[in-house]
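Notes for the one structure printed next.
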Amino acid sequence: MSDAMLALPWALLGPEAIVLLTALVLLAAAWVLPPAVQRRALYPAAFAGLFVAAGVTLLLFPAKGDLAGVFIVDGFALVVKLLLLAGTGLVLFLAADERDPAWRDGESDALGLMLIALVGAMVMASAADVALLFVAVETLSIASYALVGLKKRSVASLEAALKYVLTGAAATAFFAFGAAFLVGLTGATDFATLAERLADPRMAPYRPFVYLGFFALFGALTFKISSPPFYLWTPDVYQGAATAVTGFLAVVSKAAGLAAAVRLTAGVFYRLPGEEGFGVGATVALVAALSMLIGNAVALWQSDAKRLLAYSSIAHAGYLLVPLAAATPMAVEQILYYLVAYLFMTLGAFALVEAVARDRGTYDVRAFAGLYHRSPGAAVGLFILMLSFAGIPLTAGFFGKWYILLGALGGGRLGLAAIFIVATVISYAYYFSLVWQAFMRPGPTERPLRLAAGPAIVFYVGVFGTLAGALFFGPLLGAMRLAF
């Protein structure tokens, strides 16, 4: 089927076009449908759009095509897009159960904005041009700003949106600064021509500017990944936004930023001779190390569950950057496998945090006290998710971390591998603090915890996905290799 579709080059944009059309329909629903009808129609329409887009994405396998060299559809892009669509689908279950009145009043706007942000994320996975990447990043960012501030009656939400916008503005300036250097030096915007012209020996006198361009562009992408230098927004935004939006940022935005960083770094800067490649790899390794150490160290002191998971997200950005720093032939599949594991355990954890907070009226980690007596299934699921976060055997997180560690050692990044191990050990303290609360501490009540339908679906999908990712580690990697 992919050969027939590739005969029509614009079919490569099929998944993005379907999601965009769905987003426009959802936004128009606020003007056309009465409120009573909207709620019954919004979510089925959103799920249908995602399902059709996923089907078209699968039909494109194993496509290798492009549009004018600036929009590339290959195995890497298609796998990332499937992850983005799956992550957004799970987030919609959380959104359907959101009870904030302001969110309910603007539900069609919220879903439309989320799908517009998803379009930006999907384009980021395929962008092979600086200008197109800039447009995609800004599409994702601007829609995300609005999503964070949708709880208009919440001071925390509005403060989070302001911090997110200000940090995003700085990241945008960095991107423009870096692009100006590289485009000014080469006269090109597409990655292939950039790599070719930057590798020209006549560029040797301008190497400092090449470095500056890379530092600025990669630094701008760290805003989407939630890693240094643009990571300080993460805990406040995760805490202040609706949990559905938090899950979207933690999974979809991070995966898109990482995909763009992989394509930019591997497609342009790792193709440069000698010194540039070394400097680029060392920079990525430094960012990865800082992410792992800062995220895990600061998480130790968090009492709010959403902030704890925010710093965990920063640490996981570092784990995901390790393969890119090591630059082995297995780097892409290491990143993609760990993204699958990260998607399940992160959204599962946020779903349970929201359910417990709604029941107890607080996001404090002590709200998990006595969870085993209130809901044994939820407590065991929490235990499995925390095992995966910590990289303990028999979970997808373990196999992902083990595979990444092998890549770091194989790529000669011994220091980074040591930091990876130390950071992982540090994380045991705060992950298992939640388990200790759930199993060892008595709670103020033993009244059964009832999970609403949306969070329950996401939570149990996350738990079973974490176990299935470990059970089918080999076949999953095999499927990814076939896609490439």
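Using N, Cα and C of the backbone, Cβ positions are placed for all residues, glycine too.
What TrEMBL says about a protein is an automatic prediction, not a curated fact.
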Annotated stretch (transmembrane segment, per TrEMBL) among the listed ranges 242-263, 308-329: 308-329
Spatial neighbours of the transmembrane segment (335-357) far in sequence, C-beta under 8 Å, 6+ residues away: 76, 79-80, 83, 86-87, 90-91, 94, 243, 246-247, 250-251, 254-255, 258, 262, 305-306, 309, 313, 316, 319-320, 323-324, 363, 367-368, 371, 378, 381-382, 385, 388-389, 395-397, 399-401, 403-404, 449, 451-452, 454-456, 458-463, 465-466, 469, 473, 476-477, 480
Chain residues in Cβ proximity to the transmembrane segment (67-96) (below 8 Å; excluding those fewer than six residues from its ends, i.e. six or more beyond): 9-10, 12-13, 15, 19, 43, 46-47, 50-51, 53-54, 57-58, 60-61, 107, 110-111, 114-115, 118, 121-123, 125-129, 131-132, 189-190, 192, 242-244, 247-248, 251-252, 255-256, 259, 262-263, 332, 336, 339-340, 343, 347, 350-351, 354, 453-455, 457-458, 461-462, 480, 483-484
Proximity of the transmembrane segment (280-301) to the transmembrane segment (416-439), 3+ C-beta pairs under 8 angstroms: yes
